[in-house]
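Visitor: Feature table excerpt (TrEMBL):
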type: BINDING; residues: His223, His305, Glu391; note: Fe cation binding site
type: DOMAIN; residues: 47-206; note: domain 'VOC'
type: DOMAIN; residues: 220-380; note: domain 'VOC'
Amino acid sequence: MGKGQASEAAVAERSADGERELKQRKLVGYQNFVRNNPMSDKFEVHRFHHIEVWCGDATNAARRFSHALGMPMIRKSDQSTGNSVYSSYTLLSGELCFLFTSPYSSKCIVEDHAPPLPDYSIDKHWDFVKTHGLAVRAVGLSVSDAAAAYETSVANGGRGVLPPTRIADTATGTTQLVSEVELYGDVVLRFVSGEYKGVGLAGYEDVAVPEGFKTYGLKRLDHAVGNVPDLMKQVAYLEAVTGFHEFAEFTAADVGTVDSGLNSMVMANNNEFVLMPINEPTFGTKRKSQIQTYLEQNEGAGLQHLALMTDDILATMREMRAAGVTAGFDFMPRPSPEYYANLPAKIGDALNAEQYKEVEAQGLLADKDDQGVLLQIFTKPVGDRPTLFLEIIQRIGCMRPVEPAPVAATEPKIEQSAGCGGGGEG
């Protein structure tokens, strides 16, 4: 056996060992799970960097999301910038960054006009859209070194997609290092580092934001949720590749009714600002599991929903509901009047009387743990298939000092702990 074969065999054995260990574990549910952070990352991961959505018409998808979420388009790469392969548009609100990408005709490529991502394949894109419809292709993570992240991931069983690739940004004279490994299904985990400090991917051009464009207060991506057929197998893979640890877990009883039909484990990086819940379907209920429906309609594993954080969900929802009248998103039905009648006993004085009224008026869900409060609402699927949807979320409380404190700080800087307010319903 050669060195390469021996290395592959060792990786496979470690992966199998991890999977066997996980299969011996049993889900205990949200209330019984004891949270522990072993600081086990295998390379330094900072935050979510961006989300890239692949679709058949990036222009209209980007415009709809921009209108629905109050996120201006600020960067582009398309025929007008010399990209004859695909069009891609970047939306931004706070730290929250979306890219929407669709291909041009393969018969009209100008050879000397290279796109920002040199490995991009028109055929692969169309296969993706044919299989999944409008769907998330890449979950971008900000890391200290995208090359080291890739090498470490692959050495630990990660399935490589894009080896470390340097992208030049002409406007700033800087470069960005990007690499990718498989996450689940046709979704990739994209590692991003480098001296380029702009928004999204390097190599795009700036777009002037229309005067008076109204944002809705979205701040960052709170968590990104995947649906898979086999939870333990996927968790074993992610643990082996990244070192992420279990942050929380849920069974159907934790997130509504038994008919919800899911088990879930939330994976997190060291600083716990990258939260990646993973769901699997359960069977034997009266209704088909919502996760199984997703897997059928998506034709396999994929990213189910994105939780977008705001500091004022009531203000954000007023804007989003107004936008929904024209071309925004529809929301799931409101809970019953009894739900809201019982809410003050559950949440207490974390909300005042006026806030309770508007929580009901906006159709929000609320949860509470020993440190804070969670307010949330879900959209209906954002495309034709019952697959990808969004969650709007606000976490209240759980403030902690930033460690280590900034060197030049005159007073302690504080930030909100991840997962504040409990798990809610997603």
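We count from 1, first residue shown onward.
Yeah, the Cβs are placed from backbone N, Cα and C, and that goes for glycine too.
Quick caveat, the model's predicted, so the values are computed rather than measured.
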Visitor: Using Cβ-Cβ distances, find the residues under 8 Å from His223 (Fe cation binding site) that belong to the same chain and are at least 6 apart in sequence, listing them in sequence order.
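Guide: In sequence order, the residues whose Cβ lies under 8 Å from that of His223 (Fe cation binding site) (at least 6 apart) are Val266, Leu275, Met276, Pro277, Leu306, Ala307.
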Visitor: What mean pLDDT score does the domain 'VOC' (220-380) have in the model?
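Guide: Averaging the confidence scores along the domain 'VOC' (220-380) gives 93.
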Visitor: Over all shown protein chains, what is the count of other CB atoms within 10 A of the CB belonging to His305 (Fe cation binding site)?
Guide: 24
